[in-house]
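> One structure coming up, written as structure tokens, with questions to follow.
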Amino acid sequence: MAIKVPSMELYRPAPLLSGGRGICCVCSLCTAKRLGGQENSVTCDVMFEVRGFRMILCACITPLGFIYYSIGLVCLLSTILGKTCLQKKPFIVQAKRLGGLEKASTRGAQESAQPKKRAPLIRGTVSPPLPVPGNIPRPPYVGTKYVPEIAKEIQMHDKESIVHMKAACELAARVLEYAGTLVKPSVTTDEIDKAVHKMIIDAGAYPSPLGYGGFPKSVCTSVNECMCHGIPDSRELQDGDIINIDVTVYLNGYHGDTSKTFICGEVDEASKRLVKVTEECLLRGISTCKHGTSFKKIGRRISEHAERHGLGVVECFVGHGVGRVFHSEPIIYHQRNNKPGQMVEGQTFTIEPILSMGSIDCDMWDDGWTAVTSDGSLAAQFEHTILITRTGAEILTKC
């Protein structure tokens, strides 16, 4: 279960071109990832047509921009004289601003599939919270309506606590996989909540979201443009929907936290691609993790992959430490950042990137929980709880 990002100053290096290999000047001197040996933004604003070939000159937003313009003009003259260094295949580079995040994308012979138009998400009726047997231990926040502060305590584990942590995470993973089998057209998210609730309490665990800051349900179900924290209700899933199900269980004093985006029925290719790339971003972020690694590498790796596919990384929700406490330090930023801190062996936390097809800004419904993209574009999320080891990271919420 993601938490709202604390206030911070973002480090925003210039965006990359999709794929990181586009040539934005006439003779490979200026590439998407290496412009004078460093990452830079480019704005392609001059295009020439010479002898049937297209050439684009780029104004590089650096002090060296004038030099690159000059090089481009030299290459233009060379082309006119017959010494062309242009590619014969038309190649267009465009730059655009999306939701406050500047990105660039390439358009070649193939166009990306467009998502089908769909009606905006409309809330249904929310049923009362489900009861939990009195013999099942509750987290300390249950019974209050205040969202707990993010704990400063780092969730560290010895051999004994790792056993308990793994048990909670394994249960969460099994519940999530079961919930995914229920995703079908005409099924309501309230029905998914009831099934998840029963499976959790039957295992002697408590559904962590229930009563957290007044959250009224046992699971989060975020459909289509909902970024996260969707409240299960009477709305029926539609053919072509995507839905993130976020499961957290509290078992023997430990929280296990995981989520996954599922597709419902026949889903268009653009939506499938969003889901696929989001999961890849999570796994790439995890692959950077091991003892001594800087936390900021997670955001860099996720951002690189998302930008390569023309998708935006949502910045307003973050991963977190998890264990005996539901939400604690460290805060895991999924976008590029310069935040300090290194991973330590025995530490557990979540990585849970949210990617959007459009705006990365969110609007909050008046229920205080449901966060949707400001432009109505689709969003997807995946999440794992991981344990840092000396040589890597163990995914605890993997079935």
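Every residue gets a Cβ built from N, Cα and C, even glycine.
From TrEMBL, here are the annotated features:
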BINDING   His229, His327  substrate binding site
BINDING   Asp246, Asp257, Glu383  divalent metal cation 1 binding site
BINDING   Asp257, His320, Glu352, Glu383  divalent metal cation 2 binding site
DOMAIN    164-389  domain 'Peptidase M24'
TRANSMEM  56-81  transmembrane segment
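Could you place these features in context, so I can see how deep they sit and what lies close by?
Other Cβ atoms within 10 Å of the Cβ of His327 (substrate binding site), summed over all protein chains shown, number 24.
Proximity of Asp246 (divalent metal cation 1 binding site) to non-local residues of its own chain (separation of 6 or more, Cβ distance below 8 Å) is seen for Met1, Ala2, Pro209, Val219, Cys220, Thr221, Ser222, Cys228, His229, Asp257, Thr258, Ser259, Gln381, Glu383, given in sequence order.
Contacts of His320 (divalent metal cation 2 binding site) defined by a Cβ separation under 8 A and a same-chain sequence distance of 6+ are given as Ala2, Ile3, Ile150, His327, Ser328, Glu329, Pro330, Ile331, Ile332, Phe349, Thr350, in order along the sequence.
Mean model confidence of the domain 'Peptidase M24' (164-389) amounts to 98 (pLDDT, 0 to 100 scale).
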> Would you list, in sequence order, the residues of this chain other than Asp246, Asp257, Glu383 that have their CB within 8 A of the centroid of the site's CB atoms, where the site is the one recorded for divalent metal cation 1?
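Once Asp246, Asp257, Glu383 are set aside, the remaining close residues are Met1, Ala2, Ala172, Cys220, Val247, Thr248, Thr258, Ser259, Thr350, Glu352, Thr385, Thr397.
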> Around Asp257 (divalent metal cation 1 binding site), how many other CB atoms lie within 10 A of its CB?
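Summing over all protein chains shown, Asp257 (divalent metal cation 1 binding site) has 30 other Cβ atoms within 10 Å.
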> I'd like the Cβ neighbour count for Glu383 (divalent metal cation 1 binding site), meaning other Cβ atoms within 10 Å of its Cβ, all protein chains included.
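For Glu383 (divalent metal cation 1 binding site), the count of other Cβ atoms within 10 Å is 26.
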